[in-house]
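This report refers to the structure that appears directly beneath it.
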Amino acid sequence: MERSPVEGSSPGPGPGAREPPSEPPDPGSGGPGAAGEVLAVLTSFGRRLLVLVPVYLAGAAGLSVGFVLFGLALYLGWRRVRDEKKRSLRAARQLLDDEERLTAKTLYLSHRELPAWVSFPDVEKAEWLNKITAQVWPFLGQYMEKLLAETVAPAVRGSNPHLQTFTFTRVELGEKPLRVIGVKVHPSQRKDQILLDLNVSYVGDVQIDVEVKKYFCKAGVKGMQLHGVLRVILEPLMGDVPIVGAVSMFFIRRPTLDINWTGMTNLLDIPGLSSLSDTMIMDSIAAFLVLPNRLLVPLVPDLQDVAQLRSPLPRGIIRIHLLAARGLSSKDKYVKGLIEGKSDPYALVRVGTQTFCSRVIDEDLNPQWRETYEVIVHEVPGQEIEVEVFDKDPDKDDFLGRMRLDVGKVLQAGVLDDWFPLQGGQGQVHLRLEWLSLLSDAEKLEQVLQWNRGVSSRPEPPSAAILVVYLDRAQDLPLKKGNKEPNPMVQLAIQDVTQESKAVYNTNCPVWEEAFRFFLQDPRSQELDVQVKDDSRALTLGALTLPLARLLTAPELTLDQWFQLSGSGLNSRIYMKLVMRILYLDSSQICFPAGPGAPGSQDADSESPQTGSSVDTPTRPCHTTPDSHFGTENVLRIHVLEAQDLIPKDRFLGGLVKGKSDPYVKLKLAGRSFRSRVVREDLNPRWNEVFEVIVTSIPGQELDVEVFDKDLDKDDFLGRCKVSLTTVLNTGFLDEWLTLEDVPSGRLHLRLERLTPRPTAAELEEVLQVNSLIQTQKSGELAAALLSVYLERAEDLPLRKGTKPPSPYATLTVGDVSHKTKTVAQTAAPVWDETASFLIKKPHAESLELQVRGEGTGVLGSLSLALSELLGADRLCMDRWFGLTNGQGQVLLRAQLGVLVSQHSGVEAHSHSYSHSSSSLSEEPELWGGPPLVTSSAPELRQRLTHGDSPVEAPVGPLGQVKLTVWYHNEERKLVSLVHSCRALRQNARDLPDPYVSLSLLPDKNRGTKRKTSQKKRTLNPEFSERFEWELPLDEALRRKLDVSVKSNSSFMSRERELLGKVQLDLADMDLSQGAAHWYDLTDDKDKGSS
């Protein structure tokens, strides 16, 4: 059968196929358009006719209707599958077109789900630490099993008579280790510590089972979750392995803790534990991990001040004035919500574990609380002030909102008064926050008490001081009846505030090592009551009442000693360290409002403040807030005297001839190195050189000393030794012969002295004169003072190109020593918080130079501070804003000077006096490097040094006078002469002379014995301060005469010298063991001088 051309060549499209749009027909030619339409109609009719063909064939074949229905069902199923595929393709195409939107919506649902190192750029990943933790985790489990079985279980059994059969039956830490999500390192102001914040997460399969056999009780832990930020402090940093002295760990804020208990109901049925609950146990565990509780792990034995590391002094106190709130949401509903009421608000104020609750204000959306709380701040940055507002209800209180504020902002502002918006609700809360610094100056107490009298505070009056009690241990406490060992604990009370220590079981020599803190309203009249009791509280083992006024007269307001217990045994005593600090609010930072005008000023909360309040917007700080360790550095003076029995290293003629050595000494301390001069061909050399270095009180520091033989190629090793600075820093002085190690023979003589800066200029002149006596010809000029500088911040620095802020840094320079601060990026008000220390040789002549520079922009401003201004300041300290020259802006810095008074040089200043009155001398009046035996008494030496320039003196001779110091240096075996100055010289010509001093030892007049000072231009009162030495034995020096001539050049073109006067000193008639300065009358060439 032949097919028609239409059917065979162009089959019609299948069902559902999209036909291309036809072009509009041309109205001028109707043939082709009409034929196309007819063809389409016929094709559509043919397709529908084909659908009836299966029905016709079934009827012709005599089949039933079921076959037709079955075929129709197959066709409909095929159409449904095809339509489903099309819908899937359209959805896939839509997902592909909008991939970024769908990914952000489905994958990153919440920013909180991201780890901290993604959310915060200064938090770093710590996968390497997690790998180490995973490796160590099984071994940590073995340690925990041993710790719980051998240490914790006996302590639990001894703590409660009902738990005497307590045991751990199973201890497994599981296979899931603790993970560190991120690590943040904080820049610390202190140089001896490192601050780390670890974002930890632990979802573990730990399993610990316990059993109390007496009560047939079994309980345990099966699974635990812990999430939070753990702060780790590495301090103190030391100069010896392991570099870190101890590790402190704690959570700044309460972590999220979830423990899956097993058998908890059985455990709480035990007598003595029935008062506890699951929630109370969880709260106790969580609070144990939060400040002020710390976990201290010492890394070195005999670590000093362990108690202070475990419970350091607070950084400060914040006085929180909870004033009011406004715009709170209404939560009370009546008549099933048809009538809207108000709220009954109250506030919870929380800093760490310190929590305060305000009173409830009924039916008020703008409550006025006006309450004051004082909180202890331990860590800055890190701790937060959190205020939550609730609506009081009979069943469950409704949440109205919260605010959080980092305490670091309060520290920077000093006084912060503002309305803070509530998060999670509506409205604002009004707080006034005041930062109280901790001072060890008892003179500030009266000022603080007077200030507090004008402060309205409830529910408690404002505090004037804080007392920290470090409870260490007790000895020889009395036994209980039947000679049983007691279980001592301590109750400490001040007025109506009582705190208790833990109980130490079965000992009469307990060790507590705990710290307690008390706020004091008036320490002049308050007392600390200490009761040592047995843990049953029925038996008192001893008592102590301590008036706190004793602390006001103690050095640094600190008592660190044993205290005898009353009502106890003869030898019963307790060891405590009590530290008091005055709570000082800088009144210069407090402003009072000039008048209304601020938003909300018409509220009742904006009424004029009383005396002592601070309710205006905070101004910039007027004084710096350095770390408590600022200005506590000391200066170590190292005197390298001599050595003996060094080994010879020089060889000649190929080693056939043995020579000597050319020794010198290398010193290393606190990152600095010093080197002595070389003494040629001497196995018993004498150096007599002095070096000075700034040191801190970090324990474990050592002075490394090495002796070498100087050679042309490589220096030979002659021995080494190490000196621990612990003794020097504690006692202040060390003079020893040290045996050189790693060599057959040799020893070295060193003398070390710690110089503590004193904030008084009363004895500066004496120190300068003594330094001129003890310095040697080879050593540099000795330091007379220590300058400590704390650079906090700058403000109003000039902008780059008028609009862009600079990236400033600062350089501090004194002489040839400089310190560069960090660079703060793109700000006109940088905060540096950096310290620097400088050794000062001549405080009257030196100055502190400060330059503020910008990265790539040059000098932004400079400051020159003459140290002579510090000498006239109170306690040699200036703490304020300084204007910058050569630009705009100001810097806030603290500069304090401390005079370095040697306790072993015959000079000792009064620590509490500023006058030039005579004071007691050290028991060792000998001078550094001077004779070991001094014949004159200490008061005589004091009078020479103090009153050498006294105006009550003999009249000056007609030719003037010269001031000399002549003495014999036994250590170096040298005759030493110091030419200080001349006065009232004679003027022979019309012009003033150009004087200098010439010295020679008679009877020799050769060049070897002549010395000459520098020449001073046009003056009758020249100042020289120059030192000269002659090497000769003492017996020979006593046979000599010292000829001193003051001369001047006659003219510029002439070599003639004009004699202004002279004096001859017979050394045999002088006491050369004393280094005293005297004025000598000048005479002409024929007469002798007189003193």
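Placed from the backbone N, Cα and C atoms, the Cβ positions cover glycine too.
Range annotated as region 'Disordered' by TrEMBL, chosen from 911-935, 936-960: 911-935. Long-range contacts of the transmembrane segment (232-252) within the same chain, counting only residues at least 6 positions beyond its ends with a Cβ under 8 Å from a Cβ of the stretch, are 190-198, 289-291, 293-300, 303, 306, 309-310, 352, 379, 382-383, 669-670, 698-702. The stretch with the most CB contacts under 8 Å to the domain 'SMP-LTD' (122-300), chosen from 441-567, 614-738, 958-1080, is 614-738. Non-local neighbours of the transmembrane segment (55-78) in the same chain are absent; no residue 6+ outside the stretch has a CB under 8 Å from one of its CB atoms.
Mean model confidence of the domain 'C2' (614-738) amounts to 84 (pLDDT, 0 to 100 scale). Residue counts for the domain 'C2' (614-738) under DSSP (helix as H, G, I; strand as E, B; rest coil) come to 6 helix, 59 strand, 60 coil.
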